[in-house]
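Written below as C-alpha cells is the structure these notes are about.
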Amino acid sequence: MNISEICIKRPVLALVLSLVLVVVGIMGFNDLNTRFFPKFEQNVINISTAYPSASAKLVESSITTPLEEGISGVQGIDTIISQSFQGESDIKLTLDYGVNVYEVANQIRDKVEQARVQLPTNINAPVVQVGWGNMELMDVGFTAPNENPKAIRDYLERNVIDQIEQIPGIADVEVAGANQYAMRIWLDPQKMAARGLSVNDVQMAIQNSNVELPAGEIKGSSINYPITAETKLNTADQFNNIIVKNDNGQVIRIKDIGQAQLDDDSADQSIVTLDGQPGVLLSINNATDANPLDAAKNVNHFLNQIRPHLPNGMKIVPSFDISAYMHGSIHEVYISIGIAILCVILVIFLFLGRLRTVAIPIATIPVCLIASFGAMYLLGFSINVITLLALVLSIGLVVDDAIVMLENIYRHIENGEKPLIAAIKGSKEITFPVIAMTITLAAVYAPIGLMQNQAANIFRSFAFTLAGAVLISGFVALSLSPMMCSRFLKAQGGEPKGYSRIIETIYERMAQGYQKILAAILNKRILVVFAAVLIAVGGFFLAKNIPMAFVPQEDMGFVIAAVSTSSGSSINTINRGLEQVASIFKQAPAVASVVTVADTNAKAFDSVFAMLKPFKDRKQSASQVADVINQKIKQIPGLNAAAFAPSFGGSMQHQLEFYLMGDTYSDLYAVSQKLINQLGNYPGLRVIQSNMRFDSQQYNMTVNRDIAGQLQANIKDIDNTMAALYGGSKISTFDANGKTYNVYLQAQENDLHSLASINKFYVNNAQNKLIPLSNLISIKPILSQVVLPHYNHLRAAQMSAQLAPGYNLGTVVNYLQTELPQLLPANVKYAFTGQAHDLLTSNNSMGLIFLLAMVFIYLVLAAQFESFIDPFIILLAVPLSIVGAMASLKLIGGTLNIYTDIGLVTLIGLVSKHGILITQFANRLQKEGLAMREALLKAASIRLRPILMTTAAMVFGALPLLFSSGGSAQSRHQIGIVIIGGLIFGTFFSLVVVPVAYSYAYKFKLFLKRFKTTDEMSLSGK
C-alpha cells in the first residue's frame, strides 16, 4: 500500500498532512525577512590606511607595498588590487569563493599588525574591513537660500549626520558640496623672519596655549569640587592673540605674523547643485550585511521627523533612493504571482471544462506556495526578487504533478470504473512518473549548490526555493490530489455535455490526429533524425551570435553622466563642464531632477545624476534617455562626457573596467595612451580613460644633506616646515558650540601660488638660529600621477570606458579578448574587473552547471528506470528545447546572462518530464503484452493531454513575466521568454523526437538482450 492509497482510504490524514504544510509555511512567512537580493557570504576584505599630506609615491612605497608583501602568504586570496593616492592607501582583497572570509580577515589583521614595524610612525592605524564595500543606499540633498553650503554642512554635522549613522544598517555618510569648518593659521614668512621666528616656534606656541587639563579639586566637608582650567581656545580672535614670543618685554602674537581665520578643513573643494540650487549632498551608505529596505525605511522616517524642525528656509531634497527601485521590483513580482495564478486556473479550466475537476489541481497552488515559505525559512532564505521569481515559475510547476495524477484517474473513470477504485488504480500507475518527474526537476539544481562563484551565490536561493516547491508539489500530488479525485470526481453517467463535450471532442480528435501523424513519422524516422541534427547544429551557431551580459540592462530610474577633466583642474572648470551636461538633462521630458557633483579630490567622481520620472509618467526608458543625452553631448566641442543607465550591482562610474599590468608606470602610461587611441576606433566604446595620467603638476623637494649637516639643520624640522607651510599641517583642535574642529598651520594664500616664496621661509638649526629654507633644499617641477595602482603586486593602470548605444558588455568583452593580445606588448598583461570579470566567470561556471545538471538528471533517471538507455531517450529533446529558447531570446534582442542561464537549466527538468511520461507508459504497456509500435503509439496519444496541459500551465504561468513592467522588468522578460520559448519548442520535439528515439532504442535493447542471452549460454556451457 503506497502513500496515495493510504490517503485515499484516510481522507482526514490527507487533509491533515496538507494543513501541516500550510501551518509551517505561515509560520515561516511571518519570520521571513524581506530584502531585495539574497544575502550571501562576502568575499572581499578592504584595508585602508591614511597618511596625511604624503604623496601618492610615498604612500605606495612606504605603506601599500609593505602591506601587500606582508599579506601575500595568506591562503585563499584570489586578487589583490590596491590604489595609492595622496594621503591614503586602499587595498582590496578578493577571496576565493567558499573561503571563510572572517578567518582570512583575522589572518590579515595579524599580518598587518606584524607589518606595522615597517610603516611610518605618523600614519593612522590601518583599518581592515570585511565586505563588498558599502552600497550607496540613497542621496539626500539640503538647500537653504539664505545660507552658504559651509553653514549647511555645519548644521548637518551637528544635528543630522551622526544620528543617521546611528540608524541600524547604515555604515556611514559621505558629504559633498562643502568642507567642514577649521581654524587656519595663515603665516606671513616675511613678518616671521623679521621677528626671528620659525614654523616650529609658532606650532609649539599654539599647542602650548590651546590645552584643557584638570586643575585638581577643592575638598569640601561633604563633597569635592573639581577645578577645570579654561585654557582651550574657541575663536579666531583668541588664536590671533596667542603669544608666540616675548623678547625682552616685546610681545609677539599670531596676529603680528599672520592671521587666524575660520576656513575650510580641506584643500579639496566640492560644489553640489540640486536642480540648479547650491547645496550639500549626503550619500548614505548601507552596511554590507544589512537589509537595505529596512535601513531606507528607518532613514526616511528620521528625515520626516526632522523636516519640521529644520532652520528657516532649509529644505530636504531627495535625489536618489535605491530602495524605491527595490520596492517597485518586489511589488511587480507580487503582481506577477497573482496574475500567474489566475492564468494557470484559466488554463486548467479550459482543458478540463468542469469546476469540480478544476478544483483538484487548483487546491495544490495555495498549499504548495504557502508551504514553500516554510521551506525558504528552514533553508535560511529571505523574501526577495530572486526567491519570488522562483515562486512565479513554481505556480505552473506545482500543478503539473496534480494534473498528471488527475488526468490518469479521470481516464479510468471514463472507462467506467468507480471514482474510489479509479483513484487507487490511477494513482498506483502514475506514482512512479510523479516521483521521477519531481526528483528530476529538483535534481537539476543540485550542481548550483556545489558551485562557488558570484552567479551561483545569487541563484542558489532561486534554485533551492523552486526545488523545494516542486518537492512539496510532488508530495501533495501523491497525497491530497488522489484523495480529492476519489471524492470530487463522479462516475460517468453518459456522454459529457456542454463545454465538457466540446473539450472532450477536441481532445479526442487531437489524440487521433497525433497518433496518425506519429505513425507516419515512425515510418520516416531518419528524416526526423536528420532534422533534429540540423536544428541542433543551427542552434549552436545561433547561440554563438547571442550577446552575453552578466545581468540584463535594467531601468533603475536614473541616468548618470560621467564627465572627465584633466588632473589638477580647478573646481570652477570642473563645474562648468557639469553645468553644460546638466542643462542637456533638464531639457529631457523624462527627467524629474538633476544633481551635479564637482570635486577636486583625486578619488572623487565628477558626475551629473538625473532622477527620472516614475515609469508610468514617462515613455522613454533610462537607456533611451541616455542615448538622447549622448547625441547632444557629442555636439559640445571639447566636452569629454558620456551618459549611461547603470544596472543593479554594476559600477556607478564605469560600465567597463580592466587593468593593464607591467613593469614601470612610464611604460604603462605609454601603453595606455596608445590603447586609448586604438580603441577609439571601435564603435562600441565611449569615453575611454586610464587612471595612469601624467598630468598632475607636482614639485619634487630634495634636501641637500651635506649643507644641512654643516649648518646643523635637522632633516625632520625641514620636512615638518615644508609640510606645515605647503601641506597645511594639523597641529591642534578647538571646540565651538559643542563640536570639535581642526587647527591647521599654513603659509598665507598668496605665498602658496609660487615657488619663489620658498625664499621667505626659515628653519631653526641646533643653535636656534634661522636658516633660509632655500639654502637647504632644491625643488623641481615634475608631472606625476594622482594615483598609483597595483594588481596582484604588479604595477598597473586601470582602464575604464562607457558602452556605446546598441552595444552590450558581452560583445565588447569578446572584442577586447580578441584584440588586446595583439595590441599590447609582450610584457604587459591585462585582467578584467567588475561586471566584465563576473560575466566571464559566470559564463564558465554556467557551462559546467549545465553539463552537470544533464549528468545529474541522467543518473537519477537511470536509477529510477533501472536503465542507461531510457534516460538518454528522455533527454534527447532537451538540446532542441534549448534551440527554441535561444531563438526566442534572439527574437526579443535579449542576452545570455545569469537570469537566462538559470532559465536554461530549469528547461532541462521541465522538458524531461514529457519524455518520462511517454517512456514510462510505453514500457508498462509493453510489459502488459503490447508490441513496441502499438505500445508507443498508445502511450504517446494517451499522454498527449497531460503533456499539453502541463506545458500550457507552465507557459501561461510564466506569461506575466513576459509582460511585466517596472523595476527589474528586463530580468523577468528574459527568463520568461527562455522558459516559454524553450518549453513550447521542447514540448513539440518531445512529442516527435522521444517516440522516434524510443523506437530506435528498442532495437538496441533487443540487440543487447540477444548479446546477453548468448553470453549467459556460453557461460553455462551450452
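Cβ atoms here come from the backbone N, Cα and C positions, even for glycine.
Note that the structure is predicted; figures quoted are calculated from it, not measured.
What TrEMBL records for 12-29 (among others) is transmembrane segment.
Long-range neighbours of the transmembrane segment (333-352) within the same chain, counting only residues 6 or more positions beyond its ends whose Cβ lies under 8 Å from a Cβ of the stretch, are 358, 361-362, 365, 369, 385, 388-389, 391-392, 395-396, 399, 403, 406, 503, 945, 948-949, 952-953, 956-961, 964, 968, 972. Look at TrEMBL and you will find 333-352 (among others) tagged as transmembrane segment.
The transmembrane segment annotation in TrEMBL covers 385-409 (among others).
Feature annotation from TrEMBL assigns transmembrane segment to 430-450 (among others). For the transmembrane segment (430-450), same-chain residues at least 6 beyond its ends with a Cβ under 8 Å from one of its own Cβ atoms are 2, 4, 397, 400-401, 404-405, 408, 456, 459-460, 463-464, 466-467, 470-471, 473-474, 477-478, 848-849, 852-853, 856-857, 860-861, 864-865, 905-906, 908-910, 912-913, 916-917, 920-921.
Summarising the annotation, TrEMBL assigns transmembrane segment to 462-480 (among others).
The transmembrane segment feature in TrEMBL is assigned to 526-543 (among others). Nonlocal intrachain contacts for the transmembrane segment (526-543), taken as residues 6+ away from its ends with a CB within less than 8 angstroms of a stretch CB, comprise 876, 879-880, 882-883, 886-887, 890, 896, 989, 992-993, 996.
Look at TrEMBL and you will find 846-865 (among others) tagged as transmembrane segment. For the transmembrane segment (846-865), the list of distant contacts is 432, 435-436, 439-440, 443-448, 450-451, 455-456, 871-872, 874-875, 878, 898, 901, 904-905, 908-909, 912, 916, 919-920, 923: same-chain residues at least six beyond its ends, Cβ to Cβ under 8 Å.
Here TrEMBL flags 872-892 (among others) as transmembrane segment. Listed as Cβ neighbours of the transmembrane segment (872-892) (distance under 8 Å, sequence separation of 6 or more from its ends, same chain) are residues 532, 535-536, 538-539, 542-543, 545-546, 854, 857-858, 861, 900, 903-904, 907-908, 910-912, 914-916, 919, 973-974, 977-986, 989-990, 993-994, 997-998, 1001.
Residues 335-337, 339-340, 343-344, 346-348, 350-351, 389, 392-393, 395-397, 399-400, 403-404, 407-408, 507, 510-511, 514, 910, 913-914, 917-918, 972-973, 975-977, 979-980, 983-984, 987, 990-991 of the same chain lie 6 or more positions beyond the ends of the transmembrane segment (944-963) yet place their CB under 8 Å from a CB of it. As annotated by TrEMBL, transmembrane segment applies to 944-963 (among others).
Among the features that TrEMBL reports, transmembrane segment is placed at 975-1002 (among others).
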Using a Cβ cut-off of under 8 Å, list the residues of the same chain at least 6 residues beyond the transmembrane segment (462-480) that approach it.
2-4, 7, 14-15, 17-18, 21, 363-364, 367-369, 371-372, 375-376, 379, 381, 386-387, 389-391, 393-394, 397-402, 404-405, 427, 431, 434-435, 437-439, 441-442, 445, 448-449, 902, 905-906
Folded-back contacts onto the transmembrane segment (385-409), same chain, C-beta under 8 angstroms, at least six residues removed:
36-38, 326, 329-330, 333-334, 336-337, 340-341, 344, 348, 352, 357, 360-365, 368-369, 372, 376, 419, 422-423, 426-427, 429-430, 433-434, 437-438, 441, 458-459, 461-463, 465-466, 469-470, 472-474, 476-478, 481-482, 485-486, 489, 906, 910, 913, 917, 945-946, 949-950, 953-958, 960-961, 968, 971-972, 975, 979
